[in-house]
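Q: OK, TrEMBL features for this one:
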ACT_SITE  HIS114  active site, proton acceptor
BINDING   GLU53, ILE116, ASN167, ASN168, ASN223  Ca(2+) 1 binding site
BINDING   ASP54  Ca(2+) 2 binding site
SIGNAL    1-15  signal peptide
Amino acid sequence: MAKLLLLTLLGASLAFVGERLLAFRNSFGAVQELEPVEPQNCVLIEGLENGSEDIDILPSGLAFISSGLKYPGMPNFAPDEPGKIFLIDMNEKNPRAQELEISNGFEKESFNPHGISTFIDKDQTVYLYVVNHPHMKSTVEIFKFEEQQRSLVHLKTIKHELLKSVNNIVVLGPEQFYATRDHYFTNYVLALLEMFLDLHWTSVLFYSPKEVKVVAKGFSSANGITVSLDKKYFVSRMFCLRSPG
Ligand SMILES: *[C@@H]1O[C@H](CO)[C@@H](O)[C@H](O)[C@H]1NC(C)=O
């Protein structure tokens, strides 16, 4: 009887691992066939050879791009280079990425930018909020954009015990944003195991100076987040497409 139970358990565990493996492969697009489509109106932006992570576009057509993310399990093109923020002007016919200078004593060596989001106040000052992973922690950095100097002035680092494994943010007002957490554990092995098991326990946080709270959970991997004009927001699950070539 004990043997039978053991065999049943073994069978069930193997079936579970098999199912998880398939789901994991599928979620990364590894077994999906796609028809190749020629990109329309696409130009290669020079100056971003070390990769780009997130983009946020201002109404004027200026776009910020975060680059150089170092993240567990993800390939990195320049492991010894710190992360950077680039600016492109989408009004130009052949826009070129220009690295933005960062001033005001910000520690650039450990800059590891992930999701970004802009906010324009009533005086038309542009602020850039950046999810940062210095030494694999999660902070949110606030910069003021100086358009004439093409630079970012560091204003503030936001830290909070709930701001862990942050992936992306969308800013609603001064120091007020929603943020996605794409995994729960911070330990590298546990984080990978967690993604593999797909436990649906990643979440969306609301942050304001007065209140920080989890507002939604149960996502397989809460990734990008953006807000619609009526201020209803949505999250997209991590999804990678691999070209047939
Ligand atoms: C990309 O990384 C290499 C080092 O691996 C560095 O020399 C180069 O300046 C980087 N390019 C940009 C645009 O950051």
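Going from the start of the chain as shown, residues are counted 1 onward.
Glycine is treated like the rest: Cβ placed from N, Cα and C.
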Q: Determine, to the nearest whole angstrom, how far the Cα atom of the residue listed as 'Ca(2+) 2 binding site' is from the Cα atom of ILE116 (Ca(2+) 1 binding site).
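A: A Cα-Cα distance of 6 Å.
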Q: Between ASN167 (Ca(2+) 1 binding site) and the residue listed as 'active site, proton acceptor', how far is it from one CA atom to the other, in Å?
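A: Cα to Cα, ASN167 (Ca(2+) 1 binding site) and the residue listed as 'active site, proton acceptor' are separated by 6 Å.
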Q: Please report the DSSP secondary structure of ILE116 (Ca(2+) 1 binding site), reduced to three states.
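A: ILE116 (Ca(2+) 1 binding site) sits in a strand per DSSP.
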Q: Taking the mean position of the Cβ atoms of GLU53, ILE116, ASN167, ASN168, ASN223 as the Ca(2+) 1 site, which residues outside that list, in the same chain, have a Cβ no more than 8 Å away, listed in sequence order?
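A: Sorted by sequence, the hits are ASP54, SER66, HIS114, GLY115, VAL131, ILE169, THR180, GLY224, ILE225.
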